[in-house]
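K.L.:
Quick one: the structure is below, questions incoming.
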Ligand SMILES: N[C@@H](CC(=O)c1ccccc1NC=O)C(=O)O
Ligand SMILES: [Zn+2]
Ligand SMILES: [Zn+2]
């Protein structure tokens, strides 16, 4: 079975969170100078493109990216379609069979133009975390820049998900993915101090 790429591309056009560091890549040592190799460097926010949040992002005593067990970033995932809901509540997921899976990915279609940060997007209701954790879910993924609104300062969705030990995967590209159950892999880099990390997120049919 072929892997399907559900990640955003990272380049100077990738829209960062408003005011945050864009992604840049440049060649530090060029072939013409070294005679043997091109060597590059990159820079950018930990929350750019398709990425995982570490609890340290919203809790100064929370776990960093490298503290999160690698097992948490692969497993069976259900892809759920909801067309541009303002807020995703427990009621919208209660009919979905979650017995076979430990991840849930929401396709909301609320960030169609990936060349710009969206004016608004679907967010996660704070009643969802307790329900999903009860069902054995350990990771939630969204096709939006964040699980909370852009202007939120108290980040209720982030905190409720963390309180129930659900990891957060943001900025997924699910436009070509049909509802159903898949195998997910989305591994963050092993950055000791980081509050988040871009991932290469992929799905394959089971
Ligand atoms: N919560 C968002 C990011 C976020 O809120 C943010 C990212 C960069 C700079 C500022 C941010 N938020 C608030 O001031 C996320 O998890 O990606
Ligand atoms: Zn983030
Ligand atoms: Zn986040």
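Including glycine, each Cβ sits where the backbone N, Cα and C put it.
Keep in mind that what you see is a predicted model, and the values were worked out from it rather than measured.
For 57, the entry in TrEMBL reads active site, proton donor/acceptor. Here TrEMBL flags 17 as substrate binding site. According to TrEMBL, the Zn(2+) 1 binding site annotation covers 47, 51, 53, 170. The annotation Zn(2+) 2 binding site is assigned in TrEMBL to 53, 158, 170.
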K.L.:
Should we count any of the binding-site residues 17, 47, 158 as near ligand 2, judged by a CB under 6 A from one of its atoms, and which?
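P.N.:
From 17, 47, 158, counting a Cβ under 6 Å from ligand 2 as near, the near ones are 47.
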K.L.:
Counting every protein chain present, what is the number of Cβ atoms, excluding its own, within 10 Å of the Cβ of residue 17 (substrate binding site)?
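P.N.:
Residue 17 (substrate binding site): 14 neighbouring Cβ atoms within 10 Å.
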K.L.:
About how far apart, in whole Å, are the alpha carbons (Cα) of residue 51 (Zn(2+) 1 binding site) and residue 57 (active site, proton donor/acceptor)?
P.N.:
12
K.L.:
Determine which residues of the same chain, besides 47, 51, 53, 170, have their CB within 8 A of the center of the CB atoms at the recorded Zn(2+) 1 site, and list them by sequence.
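P.N.:
For the Zn(2+) 1 site the neighbour list reads 46, 52, 57, 145, 146, 168, 169, 171, 196.
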K.L.:
Which of 53, 170 has the fewest nearby Cβ atoms, counting only those within 10 Å, among these binding-site residues?
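P.N.:
So among 53, 170, the binding-site residues given, the one with the fewest Cβ atoms within 10 Å is 170.
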K.L.:
Given the recorded positions 47, 51, 57, 158, which one is most crowded in terms of C-beta atoms within 10 angstroms?
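P.N.:
Checking each of 47, 51, 57, 158, the winner is 51.
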K.L.:
Write down the Cα-Cα distance for residue 170 (Zn(2+) 1 binding site) and the residue listed as 'substrate binding site', rounded and given in Å.
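P.N.:
Spelling it out, the Cα of the residue listed as 'substrate binding site' and the Cα of residue 170 (Zn(2+) 1 binding site) are 12 Å apart.
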K.L.:
On the three-state reduction of DSSP, what should I expect for the residue listed as 'substrate binding site'?
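P.N.:
Where the residue listed as 'substrate binding site' sits, the three-state DSSP reduction gives coil.
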K.L.:
Near ligand 3, which of the binding-site residues 17, 51, 53 have CB less than 6 Å from any of its atoms?
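P.N.:
53, in sequence order.
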K.L.:
Work out how many Å separate residue 53 (Zn(2+) 1 binding site) and residue 158 (Zn(2+) 2 binding site) at their Cα atoms, rounded off.
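P.N.:
Approximately 9 Å lies between the Cα of residue 53 (Zn(2+) 1 binding site) and that of residue 158 (Zn(2+) 2 binding site).
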K.L.:
Just to verify a number: CA distance, residue 158 (Zn(2+) 2 binding site) to residue 170 (Zn(2+) 1 binding site), in angstrom, no decimals.
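P.N.:
The Cα atom of residue 158 (Zn(2+) 2 binding site) is 11 Å away from the Cα atom of residue 170 (Zn(2+) 1 binding site).
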K.L.:
For the recorded Zn(2+) 2 site formed by 53, 158, 170, name the remaining residues of the chain with Cβ within 8 Å of the site's Cβ center, in chain order.
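P.N.:
Sorted by sequence, the hits are 47, 52, 57, 58, 146, 147, 148, 161, 168, 169, 196.
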